[in-house]
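Per TrEMBL, domain 'Radical SAM core' is recorded for 93-316. Taken from TrEMBL, the feature [4Fe-4S] cluster binding site applies to C107, C111, C114. According to TrEMBL, the N6-(pyridoxal phosphate)lysine annotation covers K319.
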Amino acid sequence: MWQQLWRQAERDPRRLLARLGLDEAAARLSEEAAAQFITRVPQGFINRMRRGDLNDPLLRQVLPVTDELAVVPGFSLDAVGDGAARKATGVIQKYQGRALLVTTGSCAVHCRYCFRRHFDYAGENAARGNWAEAVASIANDPSIDEVILSGGDPLSLLTSKLAELTDLLAQIPHIRRLRIHTRLPVVLPERVDAELLDWLRALPWPVSLVIHANHANEFDASVFEAMNALRSTGITLLNEAVLLAGVNDSVDALCALSETSFAAGVLPYYLFQLDRVQGTAHFEVSDERAAQLIAGVRARLSGYLVPRLAREIAGEASKRPL
Ligand SMILES: *Cc1c(COP(=O)(O)O)cnc(C)c1O
């Protein structure tokens with residue numbers, strides 16, 4: 001069922017624009033940008049975009065435009081130092097106690113600001129060889145107490161493939177928490193099916209699932225339903241957003257995002273400053289402006305609805321609070 005919806009994702013930016021009643025030239029569409037990182041947008045996500053609005057905050061996240069071709073100093077191919085933090089094939093460790101698995105390169109949506117848009121997924125993929133190398137590297141390091149499933153998007157994998165991994169991890173006594181970072185419940189909420197819920201319920205650790213939504217409009221009835229179903233398994237739901245110019249860089253947009261997330265049962269976790277990845281400079285918001293925005297949010301909302309504003313700096317011991 002969800003696999004079929006996955007396959008029906010829009011891959012042609014011209015058709016995406018036509019469907020929204022938008023003009024190609026005005027959209028500053030770029031073939032070259034589209035060739036560097038192909039377009040992929042699930043139909044259900046397109047349904048949440050406003051027709052006839054080139055500035056739609058959801059469209060802006062996924063449309064390949066000429067701005068991406070700008071070569072801007074400071075914007076590189078591996079902005080967050082993933083290469084240097086590699087512990088084994090598909091295993092990245094930057095922080096105390098936490099090992100991150102790049103479980104797959106696949107994702108249901110291609111966000112233009114993706115910090116792994118240049119990542120070598122063919123080579124760096126923990127699922128290769130039935131997880132053996134990744135699991136061995138975690139088993140051999142008793143300081144790891146939390147395993148983070150990342151990607152790509154880990155929920156791109158079949159639930160049976162994920163269960164294969166968690167069955168192996170369950171044999172490692174020093175693991176105490178599992179975390180899943182995924183945008184699928186937002187962009188393809190049908191992925192939250194009975195099989196996935198059964199898997200989550202049966203996991204032997206406390207689980208947190210960190211979704212990724214940047215704008216309140218990303219939540220429609222189908223997303224609320226998926227979040228409710230996920231919550232019914234007893235896991236903790238958090239949201240990570242990225243501060244993006246032209247998408248959510250206003251106090252109103254950020255407040256609406258926090259309030260809507262919470263209404264769906266999801267607590268705000270991080271609001272990240274953009275990782276400085278080549279092709280994404282047009283999304284950047286200055287640190288000064290970011291600090292003003294978060295102060296504006298703090299002045300309006302309950303404390304638990306204010307996300308931690310932070311930036312990742314390669315080589316540091318944690319994400320850096322701003
Ligand atoms: C961001 C990140 C984490 C998680 O950091 P938290 O502050 O615990 O959310 C873990 N591993 C890697 C490689 C990361 O980039």
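The backbone N, Cα and C atoms fix where each Cβ goes, glycine too.
Just so you know, TrEMBL annotations are computer predictions that nobody has curated.
Recorded features from TrEMBL, shown on the structure.
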{"residue": "C107", "record": "[4Fe-4S] cluster binding site", "contacts (Cβ under 8 Å, 6+ apart)": "R40, C114, G151, G152, D153, S156, R183"}
{"residue": "C111", "record": "[4Fe-4S] cluster binding site", "contacts (Cβ under 8 Å, 6+ apart)": "Q61, V62, R183"}
{"residue": "K319", "record": "N6-(pyridoxal phosphate)lysine", "contacts (Cβ under 8 Å, 6+ apart)": "Y270, F272, R308, A310, R311, E312"}
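With a CB cut-off of under 6 A applied against ligand 1, the recorded positions C107, C111, C114, K319 are reduced to K319. Listed in chain order, the residues near the [4Fe-4S] cluster site other than C107, C111, C114 are V109, H110, R112, Y113, R116, R117, R183, each with its Cβ within 8 Å of the site Cβ centroid.
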